[in-house]
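Accompanying notes for the structure given below.
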Amino acid sequence: MNFRILAKVLGYLLMLLAMAMAACGVFAKLDVVSGDHQAMLALFTSAGVTALAALILIVVGIGKIDRIPRREGVVIVGVAWILSAIFGALPFVLCPPHMDFCAGVFEAASGFTTTGSTVMSDIESWPRGLLLWRSVTQWLGGIGILVLFVAVLSYLGLGAKSLFRNESSFQSGEATTARIHDTSLILLRVYGGITVICILGLKLMGLTWYHALSHAFTAVSTGGFSPHAASVAYYGDWGNDWLIELWLSLFMLLCSLNFIVYVVILHKKWKRLREEDDARWFVGLCLGIALAIAIGLRVDPRYSTDFWSAFRDAWFIVVSIASTTGFGTADYELWPAWCKALLAILMLIGGCSGSTAGGLKVGRLIVFLKSSAHEIIRAYRPNQIFRLVVNGNPVDDSGRARTVSFVALYLFIVAGSAVVVGMLEAGQGIDLETCLGAVLATLSNIGPGFGDLGPTEHFGEMRDVTQLFLAGLMILGRLELFAILVLFVPGVWRRF
């Protein structure tokens, strides 16, 4: 293991975080509405500490790096997200009303992994500069901090492919076989362009620049943090609240699709778009489940609502959950149990591969279901040969095996983690629904869960050790299991 390479790359990562903190500190200084200089001091102090740590690591790793070996690339990915959560927690710890360290790590991990779970009980009581930092963590996490580095640091050479492949947001054959540097820059432009359009649209709808920035950052990153405790429901009394919801749902949907699709559009490869099975399945799934829930709410005598109001609530919540954003306009805890079961399925599935969304991913679902169907047919037609194609690419037997093993491991972690959460919260009166909801919300990077952790609740009442465990699940889910689990294999530190 070449620790000099690790130190240098991680040092530049921390320097990027320090600059982001300082930028939010400048906002806190100029913010005449909040007028809270304590947020400015907390952000600048955190930026200074982070920059100092970055400089130390850069000095330790001084020297030319021609390439990053695959082993070091994998380790950098896992360690980088852990360091981001630790240093990203500093502003929350230093700024009044002060979080304890475990809660700060939870909040920062929730940001960088674009999860959206929070320990804040009264969000509006926190300074706006700090809440902006909270949204910025999700925006940075959305594109993937490692992808930002690959785009900026051209000296990474061939090792950049290891970084790019293991940053789960953009696991795509096109992205990893093309020139990584150029592809990353295109992705950054697309991501930045979508963000700007979302901001301008929200501003035209009457939001202040601060609120437009905050919601655009977390909608495009499918993160879900909001500067309001009521989330998007805060705008329910506005005359154009339906337009705000429609606009945000559009961007949540767009950013749940494979970002390589937008690169393909820029290159005018229109035939390639017809091969995007992920997008068709994802949009169809959202429409179908939203329609089913809307009809269910309309005919249920316990809910006095017309169809269009029911569909409006159902559509926004379904897109919010399926995209793993977690914005809220309605309390789905009040919906029938079967509606919540459908939402739980969406939590498991998540968005498309190559997007900012979390979950198992639609592509894996397609491979899993088609492979299962083939095995059923093979039971009575053992000699039949099947050809599995997803997104225009053939999937061989090893690809099927990897998908099935990933799904099995994912479900095992969900079940096992629910047991662990129940044990850690023993004596707290937590039920099975809340345990499973906490695990799904964090491992799939959703944000809100079920039961006592529904869309109107928070994670602040959980024990410190539980918060750290759930923060670990966020990072595990964000990097799609293997990039983190490999760190616990002793051999990886000796040879790859």
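Here the Cβ of each residue, glycine as well, is placed from N, Cα and C on the backbone.
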Annotated companion of THR114, THR115, GLY223, THR324, THR325 at the K(+) site, TrEMBL, chosen from ASN2, ASN445: ASN445
Residues flanking the K(+) site, with Cβ no more than 8 Å from the Cβ centroid of THR114, THR115, GLY223, THR324, THR325, ASN445 and excluding those residues themselves: THR113, GLY116, GLN138, SER221, THR222, GLY224, GLY326, THR356, ALA357, GLY358, ILE446, GLY447
Sequence-distant neighbours of THR324 (K(+) binding site) in its chain (C-beta under 8 A, six or more apart): THR114, THR115, THR222, GLY224, SER256, MET347, GLY350, GLY351, ALA357, GLY358, GLY359, SER444, ASN445, ILE446, GLY447
Maximum Cβ pairs under 8 Å to the transmembrane segment (186-210) - stretch from the list 38-62, 246-267, 341-360: 246-267
Surrounding residues of the transmembrane segment (246-267) on its own chain - C-beta under 8 Å, 6+ positions past either end: 142, 169-170, 172, 174-175, 183, 186-187, 190-191, 194, 198, 201-202, 205, 215-216, 219-222, 232, 273, 276, 278-279, 282-283, 286, 315-316, 319-320, 322-325, 327, 351-357, 391
Neighbouring C-beta atoms (10 Å sphere around the C-beta of ASN445 (K(+) binding site)): 32
